[in-house]
Amino acid sequence: MGQGNETVVTEFILEGFSGLNQRLQLFLSLVFLLIYLTTVMGNATIIFLVCVDNRLQIPMYFFIGNLAFLEICFTSCTSIKLLVILSSGRRTISVSACFVQSYFYFALGCTEFILPVVMSFDRYLAICQPLRNAAIMTQQLCILLVVAAWVACFTFMSYHLVLLSKLTFCGSNKIQHFFCDNSPLFQLSCSDTNLLWRIDSVLILFAVLASLCLTLSSYVCILFCILRMPSRRKKAFATCSSHLTTLAIAFGSCLDLYSHPSERVSLETNKLVALLNTVLYPFLNPFIYSLRNKLVVLVLKDAIAHATAQLFPQSRCISGQ
């Protein structure tokens, strides 16, 4: 297409779930709002407990606290706009805001795959090498690993902005999705996206598969180790199976989303799978990693009891009489 015939696109329209009637969209907005608030409150509670209680000042909970903060950022990146679309019908987003949302989605998603690698390695040391765990997983190393994960992923995913900047949009500006994902942007572009899609897919799949292999390697070592611990076998298997279930949702959804050529992707299916990654996975993590943990539950009960005593000191005096 000639340069003179191109119409510059300055904003996109996120179609979201426009095929549904208005009442159903409003109902979905309430459901997603409840899930989002529960996700934020659950993860914020974990962060608060890890920061204030000395019993949780160990590497495992330090990583869980960082994962909780990451989940708040990751789900907020897409869920807030989804709630606006469903509740008010405001679907427009500028091109620059769209690219920024896409960058943060992939950068935070990459970090979300790297942190479980670090956490699984910490669990391996704690279960299989308990005598060496304290000496290896020092506070300085924990901080270094977390900072390295964030910096490496945000730096690595900067290539994504470069690829997006090479796309030209000269036709329809309607994105058949609820956020600025790769496939709808590539399908909407009037550029030749074959090479860009290959580069993007290879790099994304490399990050996903590399982190998946490293995480599974740690869990395989853990499973072989706990087979020799009959007294702790049942609890360890239950913990590992719940962790692997959430990881299966995250890794499985990403492999499904980004392992197919963009022109072959069904955007309706893409949207449903993306909900698993952006809504369900962050929602499950507080319950899987923390709120099923006896120590976390105990610390939470103590915090509630302390807060109640501070708010209602008279009831404490009456109960003590």
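Cβ atoms are placed via backbone N, Cα and C, with glycine included.
What TrEMBL records for this protein:
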TRANSMEM  26-49  transmembrane segment
DOMAIN    42-289  domain 'G-protein coupled receptors family 1 profile'
TRANSMEM  61-83  transmembrane segment
TRANSMEM  103-121  transmembrane segment
TRANSMEM  141-162  transmembrane segment
TRANSMEM  202-227  transmembrane segment
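Most Cβ pairs under 8 Å to the transmembrane segment (26-49), among the stretches 61-83, 103-121, 141-162, 202-227, belong to 61-83.
At the 8 Å Cβ cutoff, the transmembrane segment (202-227) and the transmembrane segment (61-83) share fewer than 3 close pairs (sequence separation 6 or more) and do not count as touching. Note on the domain 'G-protein coupled receptors family 1 profile' (42-289): its mean pLDDT in the predicted model is 85.
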